[in-house]
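S.K.: Shown below is the structure under consideration.
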Amino acid sequence: MNAAIEHVQAVAFDLDGTLCDSVPDLAAAAEAMLEQLGMKPLPAKVVESYVGDGIGKLVHRVLTNDRDREADSELWEKGFVSYMKYYRDHLSVFTRPYPETEAGLALLKSLGIPLVIITNKNEILAAELLKQLGLADYFSLILGGDSLPEKKPSPLPLRHAAEVLGIDAANMLMVGDSRNDIIAAKAAGCLSVGVTFGYGDMTLLSQDDTTRPDRIIGALPEIYENLQPQKNKDEE
């Protein structure tokens with residue numbers, strides 16, 4: 001990301017694969033669920049490929065070992081209860097922020113603009129995970145996949161966040177690692193920023209107009225560096 005960004009009044013972030021690497025704990029919960037159900041475990045890389053649409057969808061995918069199929073409703077219910085019970089108690093055993101996450105958030109906070117979380121993870125789990133990682137105080141709003149009637153790739157969470165903050169969605173950045181983040185941002189009229197260190201393949205996503213982010217970064221501090229010219233102009 002090498003050009004100044006102007007008129008930004010808020011920055012929204014995805015959580016898993018953007019601020020932190022949570023796959024080890026998500027995969028451990030999947031393994032515990034499968035073991036309890038008498039099923040074979042899946043490699044962590046497979047679980048990683050299923051992340052991004054909320055835990056309900058993740059459980060379907062893990063149980064069927066397929067991105068698009070849904071498990072039998074009775075099996076899914078047992079699996080979901082098992083998964084949630086384990087995951088709630090093991091949110092941050094292995095989950096850690098990416099190396100420059102906290103530095104990037106601190107720099108952005110110094111600009112005086114609000115930071116928000118827009119994730120498809122359940123809101124209560126997202127809030128607790130941020131607390132356990134020591135990141136909760138950076139954010140003025142947390143929206144989870146169950147906070148509103150629709151979640152990403154719907155633009156509703158982004159538009160709702162902008163409304164709560166009292167700004168135009170066009171003045172908010174959406175930072176994420178997946179197609180859901182980019183599609184939601186485009187539909188809401190936000191500038192989309194893709195990260196190269198998450199679970200999504202930015203090279204692949206950039207090949208399609210519908211999933212090509214407006215900017216791509218390799219570390220969160222790059223956002224601050226490109227907002228600095230805006231701050232300097234505002235202070236003149």
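Glycine is treated like the rest: Cβ placed from N, Cα and C.
So Swiss-Prot says this about it:
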{"type": "BINDING", "residues": "D14, D16, D177", "note": "Mg(2+) binding site"}
{"type": "ACT_SITE", "residues": "D14", "note": "active site, nucleophile"}
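I'd like to know what surrounds each of these features in this structure.
M.R.: Counting every protein chain shown, the Cβ of D177 (Mg(2+) binding site) has 26 other Cβ atoms within 10 Å. Under DSSP, D177 (Mg(2+) binding site) is assigned to coil, being neither helix nor strand in the three-state scheme.
Every protein chain considered, the tally of other Cβ atoms within 10 Å of the Cβ of D14 (Mg(2+) binding site) stands at 26.
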S.K.: Looking at Cβ-Cβ distances, which residues of the chain lie under 8 angstroms from D16 (Mg(2+) binding site) while being 6 or more apart from it?
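M.R.: Long-range Cβ contacts: S22, V23, L26, V51, G52, T119, K121, Y199.
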